[in-house]
Amino acid sequence: MSSSTVITNIATLVTNDPSLGDGSPLGLVQDAAVVIDGDRVAWAGESSKAPATDNRVDAGGRAVLPGFVDSHSHLVFAGDRTQEFNARMSGRSYTAGGIRTTVAATRAATDAELEANLTRYLDEALRQGTTTFETKSGYGLTVEDEARALRIAARHTDEVTYLGAHIVSPDHSDDPAAYVALVTGEMLDACAPHARWIDVFCEKGAFDGDQARAILTAGRAKGLHPRIHANQLSYGPGVQLAVELDAASADHCTHLTDADVDALANGDTVATLLPGAEFSTRAEWPDARRLLDAGVTVALSTDCNPGSSFTSSVPFCIALAVRDMRMTPDEAVWSATAGGAAALRRTDIGRLSPGAYADLTLLDAPSHVHLAYRPGVPLVSGVWRRGARVV
Ligand code: NIG
Ligand code: FE
């Protein structure tokens, strides 16, 4: 039989369950407790009403929130792109072409090197409060290299995305149609068993709307569910295609027309904003306020990758979202937890109410607002994953 633990003396508890707390989307409870039974939350509410348990942990008057759900990262890669970053910070602009540098390094790496790299970034993320992460292939671009990236990723997460359509492989640069045929044919057959999702970089210099539709439709026929890198560097068809195909998420959403915003507001596709990318490419910020005011569900993630956003820190992205994307601290925290869960179409994570996985982050601060109020400060002082304390 599993034993139960109460975490008590929580100054501010973020449940993301409006029925449990103050009625706000964050479902805030002051002077709160959470009871963990096995890998699940058994109870959450005011400390004075907590049921009796076997064990007790004193949160010391600090804040507890759901573990972050990082619903967009690219962590199976080798090498880095310091030179490219330096060039950008001296005025060069970001293009999809830099992906080729990482493709060459990734192809040259052994499985063990790729896995060690992945584990290192996962440990980094866990120490910063991330308890669920999605990650993608996309730096192999051959049948074997894409399939091995997914196999390695699947040892560490259930949220694995096939991104053979990151850019046209350098081996097919004179025949993009042949590469799309490979991505939707032999490569898809090899990759589908290891993935839950299929993604495409729908952008000038990568794949156009027709190619993206063909790729996602082929993936769907093999049981993969779509998500799209959409409208990152320029206006384009990605966001509306995402809604049309009922993609779980349209990611980046930096360049949006009113019709794009309307489509998101009227569909079930989450807009995932990735401010680490705008930070690291010195690009224009996505307008989170415009999306939120239109009623769009917004997720916030790191996009951790060696080219456009080499951060594994969700707290950093929360601070950017509040400072530069006009989100309130409450909205940013919701988007990095419940929003990420929605972008992965999950209801068992991203909230701390009975039945959810006991994935919790303890802050060395009295409230979740400090994540934005104290940028750059390592506030995460405890992490529980599936009911076990891991940090
Ligand atoms: O999400 N936009 C496409 N893919 C990544 C960047 C990958 C890279 O530059 O290596 C992104 O920003
Ligand atoms: Fe990305």
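Positions of Cβ are set from backbone N, Cα and C atoms, glycine also.
TrEMBL lists H72, H74, H229, D303 with the feature Zn(2+) binding site. Sequence annotations record features per position, and here TrEMBL assigns Fe(3+) binding site to H72, H74, H229, D303. The 4-imidazolone-5-propanoate binding site feature in TrEMBL is assigned to R81, Y139, H166, Q232, S308. What TrEMBL lists as N-formimidoyl-L-glutamate binding site is Y139, N305, G307. Among the features that TrEMBL reports, domain 'Amidohydrolase-related' is placed at 64-368.
Shown here: features listed in TrEMBL, placed on the structure.
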residue : record                                  : DSSP (3 states)
H72     : Zn(2+) binding site                     : coil
R81     : 4-imidazolone-5-propanoate binding site : coil
Y139    : 4-imidazolone-5-propanoate binding site : coil
H166    : 4-imidazolone-5-propanoate binding site : coil
H229    : Zn(2+) binding site                     : strand
D303    : Zn(2+) binding site                     : coil
S308    : 4-imidazolone-5-propanoate binding site : coil
Compute the centroid of the Cβ atoms of H72, H74, H229, D303, then list the same-chain residues not in that set whose Cβ lies within 8 Å of it, in sequence order, for the Fe(3+) site. S73, K136, D251, H252, L274, A277, S301, C304, N305, S309
Which binding-site residues from the set Q232, G307, S308 have a C-beta atom lying less than 6 Å away from ligand 2? none
Spatial neighbours of H74 (Zn(2+) binding site) among the binding-site residues R81, Y139, H166, Q232, N305 [C-alpha, 10 Å]: Y139, N305
All-chain count of other Cβ atoms within 10 Å of R81 (4-imidazolone-5-propanoate binding site): 20
Among the binding-site residues H74, H166, H229, D303, N305, point out the residue whose Cβ has the most other Cβ atoms within 10 Å, with all shown protein chains included in the count. H229
Largest CA-to-CA spread of 4-imidazolone-5-propanoate binders R81, Y139, H166, Q232, S308, angstrom: 20
Are there any residues in the same chain, six or more apart in sequence, whose C-beta is under 8 angstroms from the C-beta of S308 (4-imidazolone-5-propanoate binding site), and if so which? Y94, G276, A277, S280, T281
Would you kindly give the Cα-Cα distance separating H72 (Zn(2+) binding site) and N305 (N-formimidoyl-L-glutamate binding site), rounded to the nearest Å? 10
Rounded to the nearest Å - Cα separation of H166 (4-imidazolone-5-propanoate binding site) and H229 (Zn(2+) binding site): 9
Neighbours of the N-formimidoyl-L-glutamate site Y139, N305, G307: Cβ within 8 Å of the Cβ centroid, same chain, sequence order. H74, F77, R81, G98, I99, T102, G138, P306, S308
Out of H72, R81, Y139, H229, Q232, give those binding-site residues positioned within 10 angstroms of G307 (N-formimidoyl-L-glutamate binding site), comparing C-alpha atoms, in sequence order. R81
Take the C-alpha atoms of H229 (Zn(2+) binding site) and Y139 (4-imidazolone-5-propanoate binding site) and report the distance between them in angstrom, rounded. 15
